[in-house]
Amino acid sequence: MTCTYYYNNNKLKVKSIRNLKIMRPDDANIVGNVHGGTILKMIEEAGCIIGTRHCNSQTGDRCVAALARVERTDFLHPMFIGEVAHVSAEITYTSKNSVEVQVNVLSENIVTGAKKLTNKATLWYVPLSLQNVAKIIEVPPIEYSSPEQEEAGKKRYEAQKLERIETKERNGEIIMSISLPEPYTVAFSQSSLIHLVGPSDCTLYGFVHGGVTMKLMDEVAGIVAARHCKTNIVTASVDAINFHRKIKKGCVITVSGRMTFTSNKSMEIEVFVDADPLVEAEKGKYRAVTAFFTYISLDKENKPLPVPPLKLEGEEEQKRFEEGKARYLQNKAKRLTDKERQQ
């Protein structure tokens with residue numbers, strides 16, 4: 001790992017970090033595509049490292065940076081077994097109690113030397129005191145290259161804060177199982193995974209790594225997509241991932257996914273993570289994380305295949321489909337706008 005430092009108020013602080021990792025068979029699916037969850041886990045690890053280092057660059061309570069949210073993440077190019085992932089992270093904005101980290105992932109073919117940008121992600125962390133994990137401490141400010149850069153960061157902060165509030169309002173939903181469903185319906189492909197949170201899943205302070213949670217979410221979303229298409233599927237993008245509450249060691253988590261929308265060549269899967277504290281059972285089960293994953297179907301040459309249309313049953317599924325269609329069109333328009341700006 002390499003680090004870049006800068007001085008602020010005569011104190012040495014971390015500006016950016018870079019990690020390298022070679023992709024192995026355990027990191028990929030049966031045809032050699034690296035799992036989206038593996039990449040998300042690497043992204044979160046880099047964000048956690050730089051966030052924790054920055055927040056401990058001041059005197060006072062020692063702390064750990066806890067993942068609060070991941071903005072929409074696009075998977076621009078596939079990564080394969082044998083390639084080297086270059087993961088770089090940089091702090092781009094700080095508020096009083098949160099840190100914005102932007103992460104880029106490059107894949108390198110170590111035989112030819114060719115590199116491709118595979119992912120760009122934005123993550124938000126909050127620093128939790130090691131003496132009292134319920135206490136959020138203040139974040140040391142960073143220096144900005146211009147007032148405009150600081151103002152742009154502030155706008156991103158306010159926008160994600162508003163969306164987190166809106167997301168919390170719909171956290172009461174659950175995914176109900178239905179026996180013998182018809183193919184291509186929501187019930188046919190919906191899936192759940194149950195996982196006991198062990199020490200290897202957690203930070204030194206007993207809370208689950210955000211990357212571990214995201215990897216499990218991607219696995220469930222991938223199962224939903226594969227059941228619907230019966231083909232090779234890969235993660236195309238992940239909309240904002242909201243971490244509403246911390247998950248402690250010893251909890252049983254249920255990761256549930258359901259299809260919400262299909263276009264001609266993509267499908268959207270909504271994923272919930274519910275945590276059930278076994279030791280503190282009186283606290284009850286709670287919704288910890290929510291997100292939308294987008295997958296595409298590929299043939300043997302890794303070219304996109306048409307996605308079977310989703311058969312809707314009932315007004316609630318129709319409503320979720322229309323909401324998914326709105327997100328799809330919004331994201332499509334944003335991609336076109338970004339492409340025009342780059343030209």
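We count from 1, first residue shown onward.
Each Cβ is built from the backbone N, Cα and C atoms, and glycine gets one as well.
Quick look at what TrEMBL annotates:
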DOMAIN    13-131  domain 'HotDog ACOT-type'
ACT_SITE  N29  active site
DOMAIN    187-301  domain 'HotDog ACOT-type'
ACT_SITE  D218  active site
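Along the domain 'HotDog ACOT-type' (187-301), the predicted structure has mean pLDDT 93. Every protein chain shown contributes to the tally, and the Cβ of N29 (active site) ends up with 17 other Cβ atoms within 10 Å. Helix, strand and coil content of the domain 'HotDog ACOT-type' (13-131), in residues and according to DSSP, is 23 helix, 61 strand, 35 coil. Looking at N29 (active site) and D218 (active site), their Cα atoms lie 12 Å from each other. Non-local neighbourhood of D218 (active site): H35, G36, G37, L40, T235, V238, F293, each in the same chain, at least six residues away, with C-beta under 8 Å from its C-beta. Residue counts for the domain 'HotDog ACOT-type' (187-301) under DSSP (helix as H, G, I; strand as E, B; rest coil) come to 29 helix, 56 strand, 30 coil.
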